[in-house]
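Features of the protein shown, as given by Swiss-Prot:
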type	residues	note
ACT_SITE	297	active site
ACT_SITE	351	active site
ACT_SITE	406	active site
């Protein structure tokens, strides 16, 4: 790696050195922003009154599902293709983004660069960004988070602990400090938001590792010290206590494909909404994590694993040999119809937007096939993957009978010995910060205002459309 060129700049915390990789990142962002500013101006001037969608009464009562009313730059979800990160599909990202030496999986820090700048980083830029993140992993800030987490009751859910840990890091927010002292303004908010985003990305792996070791060993500490020779995902895995390179590859994949899923989901929209009030990135992301912790959002992967384990128990209880695919298919078909006929749903199948197999599911499945998984759980999901679309189509109560990413993610983690189900959403959140922080920074760069939609009451609607006083 070439020697870093540095320049002196003044931030909220005083003088600091700006690395060349930061200069390159900002340069790419400003270049893109200049073009987009002209595009936005032209769109609003010529087509500002064009309706993107209709907000019906039905939609207002049904979670605003299907209403297009947000601009969110990092990613776009296509019902057929799946997620596009800066207009690149997951297979395209896997092809062009830098990987670890002798590795096959995308480096999450390279994905972060893509989300933040819209450009594919060089291998050198990815390495330099990783070095920048290591430099920003301030032990004093991390110790503050450790103290806060250690003070929580032992029974605290890992996602609660993660949210608390992020709030503890907020004490060191450069965005908040600059705003409070009058050093920032509308033209510089984005730079302070970027500073906080990078600091948070640098420090949250240690926080997440502490939470894992608190769950498994009862101590809020990392299993191994941070290693500046390792990439972001490998270093995190090492701090968890996992030394196997294959697991590191698994984490690179997991953390790179969960980074974003456009701006309308609960965690992304919550983060965006809170940040629109000029709350700093830590406050905004902590709010997003609280949304991610909900059973209908990030906890879905736990629900899938519970379902799979219950299926595994039934198979064993009925004496079905998991190596006998024909017998396993008959048994799982029977169990599935019993589940559906009881009014329940199959966890991990269906999606609010997608109408095909989630490409993230395909990535995880292909990883298992490449690494020759022979687990009973993998054999189960293989058969479920084969039979479920047909069963759900015949059942007729879903628009999408195909699997989403949650249908597979827990199986990988179980395979490598990360079996603590309550912890899985922390991994999701650790990854998701990359996308939502890119969204926050770009909102500030584009000068996006406070989000403030209008609400109505049932009484008002009844008076207007039913002509009945209430």
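Note: Cβ is positioned from N, Cα and C throughout, glycine not excepted.
Taking the features listed in Swiss-Prot, we show where each one sits on the structure.
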{"residue": "297", "record": "active site", "DSSP (3 states)": "coil"}
{"residue": "351", "record": "active site", "DSSP (3 states)": "coil"}
{"residue": "406", "record": "active site", "DSSP (3 states)": "helix"}
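Taking the Cβ of residue 351 (active site) as reference, residues of its chain lying under 8 Å away and at least six apart in sequence are, in sequence order, 358, 400, 402, 404. The Cβ neighbour count for residue 297 (active site), using a 10 Å radius over every protein chain in view, is 16.
Other Cβ atoms within 10 Å of the Cβ of residue 406 (active site), summed over all protein chains shown, number 24. The two recorded residues residue 406 (active site) and residue 297 (active site) have their Cα atoms spaced 10 Å from each other.
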